[in-house]
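Q: Grabbed the feature section from TrEMBL, which reads as follows:
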- HIS95: active site, electrophile (ACT_SITE)
- GLU167: active site, proton acceptor (ACT_SITE)
- ASN9, TRP10, LYS11, GLY173, SER213, GLY234, GLY235: substrate binding site (BINDING)
Amino acid sequence: MRKPIIAGNWKMYKTLTEAIELVNGLKRNLYDIIEADIVVCPSFVALDSVSEILIESNIDCGAQDVYWEKEGAYTGEVSAVMLKDIGCKYAIIGHSERRQYFNETNDTVNKKVKAALAAGLTPIVCVGETLTEREASKTFEVIKDHIQNGLSGITKEDILKIVVAYEPVWAIGTGKTATPGEAQEVHAFIRKLLADLWGKEAADSIRIQYGGSVKPDNAASLMAQEDIDGALVGGASLKVDSFTEIVKKSVGRQSCTHL
Ligand code: PGA
């Protein structure tokens, strides 16, 4: 049985004060959720404070990126060791926005995944096709390339520590969600691919999140799909009430938000 994992990717939103307000609200609303792992990924500047607030709570903290070297003259970068040190548990790696705007490639994803694992962080590895690729019927080809090359050289033991996030680029921030059926089709493909590469037993225990315009009103139907084990939420994770509702609906709880 795979435990659902719902993560909020706050992207480049929220000042420190706003981040603290958001995380305190989530802590208040979600304190009794034990059916899912809950993660928030603030910007680097808010990570330490948010992580401190989340000590001994049921919510974990994640970074939105990580650099692969442990330390050194790499101006502007943050290492996995540094993230681990401030209580971070997860790191999003290979998000499509990083692939699109910051030259992230499968090769850099691979180095980052290995560095994250070595430091004891759980990588949330993003894969997904653009609209042009989908329209050219290249979805499976692209996903295969992202998985095979982004995760190349990962051992059978380490692959179990990874979370995969399927995020069709055309659904990110656009309000266009993949239908539960469309998402399930790709998730099943990813699981089969993981089974081919690391064995069925490993593939059956790896969690695969869906991301791309997840909202309170579509979370439950996406989560009901056999191979969808969670959500990576962008826009709707920026408000206490919508992220609360997404988490509650994802685990089949009645939503009653007290703000
Ligand atoms: P969205 O973003 O929920 O705003 O579409 C998802 C993501 O980029 O992780």
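Cβ atoms here come from the backbone N, Cα and C positions, even for glycine.
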Q: Would you measure the largest Cα separation among ASN9, TRP10, LYS11, GLY173, SER213, GLY234, GLY235 for the substrate site and round it to whole Å?
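A: So the maximum pairwise Cα distance among the substrate binders is 14 Å.
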Q: So among the binding-site residues GLY173, GLY234, GLY235, who's got the most Cβ atoms within 10 Å?
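A: Max Cβ neighbours within 10 Å, all protein chains included: GLY234.
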Q: Other than ASN9, TRP10, LYS11, GLY173, SER213, GLY234, GLY235, which residues of the chain come within 8 Å of the substrate site, judged by Cβ distance to the Cβ centroid of those residues?
A: ILE172, VAL233, ALA236, SER237, LEU238
Q: How many whole Å apart are the CA atoms of SER213 (substrate binding site) and the residue listed as 'active site, electrophile'?
A: 14
Q: Cα distance, the residue listed as 'active site, electrophile' to LYS11 (substrate binding site), nearest Å?
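A: Computed Cα spacing between LYS11 (substrate binding site) and the residue listed as 'active site, electrophile' is 10 Å.
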Q: On the three-state reduction of DSSP, what should I expect for GLY235 (substrate binding site)?
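A: It is helical.
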